[in-house]
Structures are given as C-alpha cells and as structure tokens.
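K.L.:
Here's a structure for you.
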Amino acid sequence: MILVTGGAGFIGSHIVDKLIENNYDVIILDNLTTGNKNNINPKAEFVNADIRDKDLDEKINFKDVEVVIHQAAQINVRNSVENPVYDGDINVLGTINILEMMRKYDIDKIVFASSGGAVYGEPNYLPVDENHPINPLSPYGLSKYVGEEYIKLYNRLYGIEYAILRYSNVYGERQDPKGEAGVISIFIDKMLKNQSPIIFGDGNQTRDFVYVGDVAKANLMALNWKNEIVNIGTGKETSVNELFDIIKHEIGFRGEAIYDKPREGEVYRIYLDIKKAESLGWKPEIDLKEGIKRVVNWMKNNNRT
C-alpha cells in the first residue's frame, strides 16, 4: 500500500493515477485546501485529513503502508513571504509529523517533492545540478530544504530510505489557473478568455517547464531509488516571452501581452541539469509544445476558463 499525501492536488493526483495504472494500492491523504475532489481516483482510498494532525494514525491504518509519497505542501511562494509561520507549520512540522508516523509504524521509504526552482536560489552556474549551493530566496524554498534535511536525518537515525525529487516548474492538466498556479495555466486561461496576460519584467526571464505526466513517472521510478536527491526537469530553459508566443500560436490569440514591473524575490534565469535522473533511467518525454496543446484541450473541455 502506498500513501500519497496531497493526492487530490495537481501533481499528487497524477501520481495516484500512475500508481493505480501500475496496480498499486493507494491511500490518498488530503485536506482539500488546494486539492480538488474531482481529481480523486475512485480506485484509491481517500482520507480527508491534514498532515499536521497528531492523530493521523487513528484515521489511516499505517500498518498497511509500505511507502509514503509526500506531495502535500504549502506551495505559494508569495504566501510564504507574507506568512512564514503558516508555511513552516505545513512544510516543516507537517513533514516531521509524517516522518514520526513512519518511524512509529516502521515504514521504510519516503519519496519527497522538493523544489529545484526554490531551494537553489539565484544560480551560480547553469544548468543547475544537485550539488549547486542551497540559497533559497523565500521561506517556501527554505521550508522545502528543511524538509529534505529532516528526511536525511531520519535516514541516519532510523534507517528510513528516501528519494528526494527537486522539481522544476511543473505544468499540465488539473493545474488551477487561480491563485499560485504556474504561468502556463494562467496564460492559457487568460488567452482562452481573449484577455491579455501580464508578463512581470521584460519577459526574458527563463524557467524549466516539465510536464506533470513526466513528473508522475519519475515518482513511480523513485520507488526503486535508494537515498538519492534528483533534479526532475527538462534541462532546457524557456523564456516567458517564448512561452507567450507558443501559447498564443496554439490558441490563435490575436492580442499582445501586458508588461508590468518585475516581482521581487524571483529568480531571473534557471534550468536544471537532469543528467543524474537520466543515469537512473528517467527522462522527460513530452516537449513543451505538445504539453501546452494537451493543457489547452483540457481547459477547453473542462470549462476551467
């Protein structure tokens, strides 16, 4: 049995689907703060609870759990700056609570979602590999890194094995264009409504956009990775201006973007070195144009606009 925290969320629900496709039994733990009931796979068991609940073991039978895939988190960078206590409560104390349940019930493996976009900070060199210095620019980046360190500590103290996946910018179906969504779903949402999206700064800032299906596949493979920290991205950088052009072309949008002042605390250029993931047998399969086409179709068909 695999426990997926945040399994009703954007990335977590794709992981659940991939596990069930591969005949795993799955329990979803999600408090539906940002998760969505519509994302829940009917073949999974669903528990509506919070990773911070001290009585989690009264709600979930941890004796049946062999692996935890820990996706539940506070993921809003700007929220973390405005409310670092809330961010730390979920991302640090919530993670410790999950680790304590694992220790108590002898669960020997965790796969953890970390952030390649947030833990490294402003890159010293590109592409950014796993040995790049850690220098977060936000409480979110720091809380993700502290989560990593607690997991490594529990490995040293109690022998709990881990795979830590540092995601780049994940996009795909089920990403909510409201709130702290990725730029791709926000741009698509705007252009499908025939509205001009806002680009903060000059639009030359770059990101590494990885498709959610590829990320789900990485989590499945990570069940067999032992005590590894691995970047999960594409190894390619795409500017926000290039992204706008790709989406504009896919949708047939006739307007232009609106440029606004840059946001504080955001990295200017980043993309990840994925050689380690490739050496472990994982590589991204869906390129950006194909991925965007899928998201546009999904948003049209699901009335998310």
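For all residues, glycine too, the Cβ spot is worked out from N, Cα and C.
The NAD(+) binding site annotation in Swiss-Prot covers 10-11, 30-35, 50-51, 71-75, TYR140, LYS144. Annotation comment: Swiss-Prot describes SER115, TYR140, ASN169, VAL183, ILE184, ILE198, ILE199, PHE200, ARG207, ARG263, GLU264, GLY265, GLU266 as substrate binding site. According to Swiss-Prot, the active site, proton acceptor annotation covers TYR140, on the basis of similarity to another entry.
Where in this structure would I find these features, and how exposed are they?
P.N.:
PHE10 (NAD(+) binding site) is surrounded by 25 other CB atoms, counting those within 10 A of its CB over all protein chains shown.
Reduced to three states, the DSSP call for ASN169 (substrate binding site) is strand. The number of other Cβ atoms within 10 Å of the Cβ belonging to ASN169 (substrate binding site), over all protein chains shown, comes to 20.
Taken residue by residue with DSSP, TYR140 (NAD(+) binding site) is part of a helix. Within 10 Å of the C-beta atom of TYR140 (NAD(+) binding site) sit 28 other C-beta atoms, taking all shown protein chains into account.
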K.L.:
Measuring CA to CA, name the entry from the binding-site residues PHE10, ASN31, THR34, ALA73 that ends up nearest ARG207 (substrate binding site).
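P.N.:
Given the candidates PHE10, ASN31, THR34, ALA73, the nearest one is PHE10.
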K.L.:
Using a 10 Å radius around its CB, how many other CB atoms surround ILE184 (substrate binding site)?
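P.N.:
For ILE184 (substrate binding site), the 10 Å Cβ neighbour count is 26.
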K.L.:
Tell me which of the binding-site residues ASN169, ILE199, GLU264, GLU266 ends up closest to TYR140 (NAD(+) binding site) in space, Cα to Cα.
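P.N.:
When the Cα distances are compared, GLU266 comes out closest.
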K.L.:
Reduced to three states, what secondary structure does DSSP give ARG207 (substrate binding site)?
P.N.:
strand
K.L.:
What is the one among the binding-site residues ASN31, THR34, SER115 whose Cβ has the most other Cβ atoms less than or equal to 10 Å away?
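P.N.:
Per the Cβ count, the most surrounded site is SER115.
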